[in-house]
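First comes the structure, then the notes that go with it.
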Amino acid sequence: MGTRSVALVLLAAVLLQALLPASAAEGLVRIALKKRPIDENSRVAARLSGEEGARRLGLRGANSLGGGGGEGDIVALKNYMNAQYFGEIGVGTPPQKFTVIFDTGSSNLWVPSAKCYFSIACFFHSRYKSGQSSTYQKNGKPAAIQYGTGSIAGFFSEDSVTVGDLVVKDQEFIEATKEPGLTFMVAKFDGILGLGFQEISVGDAVPVWYKMVEQGLVSEPVFSFWFNRHSDEGEGGEIVFGGMDPSHYKGNHTYVPVSQKGYWQFEMGDVLIGGKTTGFCASGCSAIADSGTSLLAGPTAIITEINEKIGATGVVSQECKTVVSQYGQQILDLLLAETQPSKICSQVGLCTFDGKHGVSAGIKSVVDDEAGESNGLQSGPMCNACEMAVVWMQNQLAQNKTQDLILNYINQLCDKLPSPMGESSVDCGSLASMPEISFTIGGKKFALKPEEYILKVGEGAAAQCISGFTAMDIPPPRGPLWILGDVFMGAYHTVFDYGKMRVGFAKSA
């Protein structure tokens with residue numbers, strides 16, 4: 001080939017590169033996310049669904065969620081009612097369009113089926129018609145997924161799935177033929193595309209993301225989320241497959257290794273309120289980066305302290321007040337005598353074993369006050385309240401507070417326990433006086449400002465403000481656990497590095 005021919009080939013290559021979309025040239029696949037503001041209808045639906053979820057979980061027992069070591073326990077708690085960010089995919093050939101949540105906290109892809117005849121929810125959403133796809137392959141294996149505020153059931157099928165410019169071939173997914181209840185009927189999305197690990201996939205189905213990597217569709221085994229928190233609605237952000245967009249973040253990412261496959265789970269350090277330690281996670285907690293959870297969920301003991309500092313409404317726990325009035329001084333004396341904190345509640349006779357467990361059952365009893373809820377000290381509300389009091393008192397003693405001040409403060413916290421329905425209101429005019437809440441990840445503090453963790457609903461005189469924090473107690477061995485949902489991921493650009501098994505955070509641009 002002559003010099004002239006080589007030059008022409010090079011020129012053609014340059015021109016072709018210039019004509020390619022920027023994302024293709026970068027080896028990135030971009031999915032635009034739409035943002036929907038939280039409205040009053042969604043809030044009402046969330047509360048109703050939350051009540052149903054609490055009743056269902058109460059029958060199983062709060063402690064059973066983590067005790068069995070099952071990988072699907074967090075999925076069983078998920079609440080999609082206040083989801084705000086959605087993207088579009090196609091299923092079949094030609095592609096049938098569906099709006100989905102890209103959810104790093106679950107691993108299956110499901111969409112409503114045209115064979116869904118008896119669930120009203122299906123008729124409010126797009127439905128997959130296998131007969132209209134030339135690449136459909138029958139599977140038929142039954143499937144069901146139970147979420148915290150809803151469930152779906154159906155069967156597996158296989159077809160091509162279009163994500164942006166990519167076509168994932170032979171993808172196993174669930175055709176949902178049953179979507180009972182309120183949750184998915186009022187949802188603004190059709191289905192869910194899970195981006196978690198295969199370990200938590202129902203039916204052991206290979207997740208869409210795995211297939212992208214296996215079929216060589218992405219340049220790097222990495223995907224990243226950017227949520228546009230500056231937009232009330234419309235352009236909500238972007239998910240990038242194959243890497244990250246430098247215009248979406250500032251500075252460098254702080255990476256932490258995935259500590260347990262299944263979820264994008266990692267180890268997290270102390271949580272600080274206004275720069276002061278809460279003590280609860282000083283020796284370490286686990287956390288999950290979860291794009292399918294709108295709020296930021298954590299242990300009741302810390303959420304209660306946050307509620308108190310931001311002036312959030314709460315519920316009064318008589319069990320908590322009883323512990324303070326009848327056992328508070330004794331607990332303080334044992335802490336001052338350097339008794340091992342995990343043994344204190346059993347020593348005062350409120351727990352039947354040494355070691356922490358979840359407190360969800362206790363908080364539920366505050367509202368429901370159902371007979372029999374507190375039977376058995378091991379999982380009773382008095383034991384739960386005692387364990388929280390020990391954590392709170394430890395933290396106050398570390399700040400050299402007097403015993404009277406400590407007991408008064410703990411009594412105040414008993415009035416600020418989070419609602420079991422997960423929503424706490426705050427005064428919109430008080431944001432300037434609210435503290436920063438910081439999370440220690442990879443040795444670095446990631447702070448959330450009030451305007452980042454308070455969600456505004458409505459406009460003008462009708463506007464209401466709700467806390468972006470909600471209580472969720474996961475006992476050992478899975479917990480204590482934080483779920484860093486969209487409230488956190490909106491402030492921090494998040495990278496999910498499948499190749500190096502790590503999660504990275506940097507300030508969003």
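Cβ from N, Cα, C; glycine included.
What Swiss-Prot records for 1-24 is signal peptide.
Annotation source Swiss-Prot lists domain 'Peptidase A1' at 85-506, citing sequence analysis.
Here D103 (active site) comes close to I192, L193, G194, L195, G196, D290, S291, G292: these same-chain residues lie at least six apart in sequence, with C-beta atoms under 8 angstroms from its C-beta. Summarising the annotation, Swiss-Prot assigns active site to D103 (among others) and lists sequence analysis as the type of evidence.
Cβ neighbour count for C122 (disulfide bond) (all protein chains, 10 Å cutoff from its Cβ): 22. Residues or ranges marked as disulfide bond in Swiss-Prot (evidence: sequence analysis): C116-C122 (among others).
Marked as N-linked glycosylation site by Swiss-Prot: N252 (among others). Secondary structure at N252 (N-linked glycosylation site), taken from DSSP and collapsed to helix, strand or coil, is strand. Annotation for N252 (N-linked glycosylation site): spatial neighbours A506, criterion Cβ-Cβ under 8 Å with sequence separation of six or more.
The Cβ neighbour count for C281 (disulfide bond), using a 10 Å radius and every protein chain shown, is 23. For the recorded site, C281 (disulfide bond), the DSSP three-state label reads coil. The disulfide bond annotation in Swiss-Prot covers C281-C285 (among others), and the record cites sequence analysis as its basis.
Residues or ranges marked as active site in Swiss-Prot: D290 (among others). Following the DSSP three-state reduction, the secondary structure of D290 (active site) is coil.
Across the domain 'Saposin B-type' (315-420), the prediction's mean pLDDT works out to 75. If you look up Swiss-Prot, you'll see 315-420 marked as domain 'Saposin B-type'.
Cβ-based neighbour count (10 Å, all protein chains) for C414 (disulfide bond) stands at 25. Feature annotation from Swiss-Prot assigns disulfide bond to C320-C414 (among others).
Its Cβ taken as reference, C386 (disulfide bond) is surrounded by 28 other Cβ atoms within 10 Å in the chains shown. Look at Swiss-Prot and you will find C345-C386 (among others) tagged as disulfide bond.
The annotation disulfide bond is assigned in Swiss-Prot to C351-C383 (among others).
Annotation source Swiss-Prot lists N-linked glycosylation site at N400 (among others). Over all protein chains present, the Cβ of N400 (N-linked glycosylation site) has 7 other Cβ atoms lying within 10 Å.
What Swiss-Prot lists as disulfide bond is C428-C465 (among others), and the listing cites sequence analysis. Secondary structure from DSSP puts C428 (disulfide bond) in a helix. Residue environment of C428 (disulfide bond) contains 14 other Cβ atoms, counted within 10 Å of its Cβ in all protein chains.
C351 (disulfide bond) counts 24 other C-beta atoms within 10 Å of its own C-beta, drawing on all protein chains shown. Within 10 Å of C345 (disulfide bond), as judged by C-alpha distances, the recorded positions found are C351, C383; the full candidate list was C351, C383, N400, C428. Straight-line distance linking the Cα atoms of C414 (disulfide bond) and C351 (disulfide bond), rounded to a whole number, equals 19 Å. Summary: among the disulfide-bonded residues (C320, C345, C465), the fewest other C-beta atoms within 10 A of the C-beta are counted at C465. The CA atom of C383 (disulfide bond) is located 9 Å away from the CA atom of C320 (disulfide bond).
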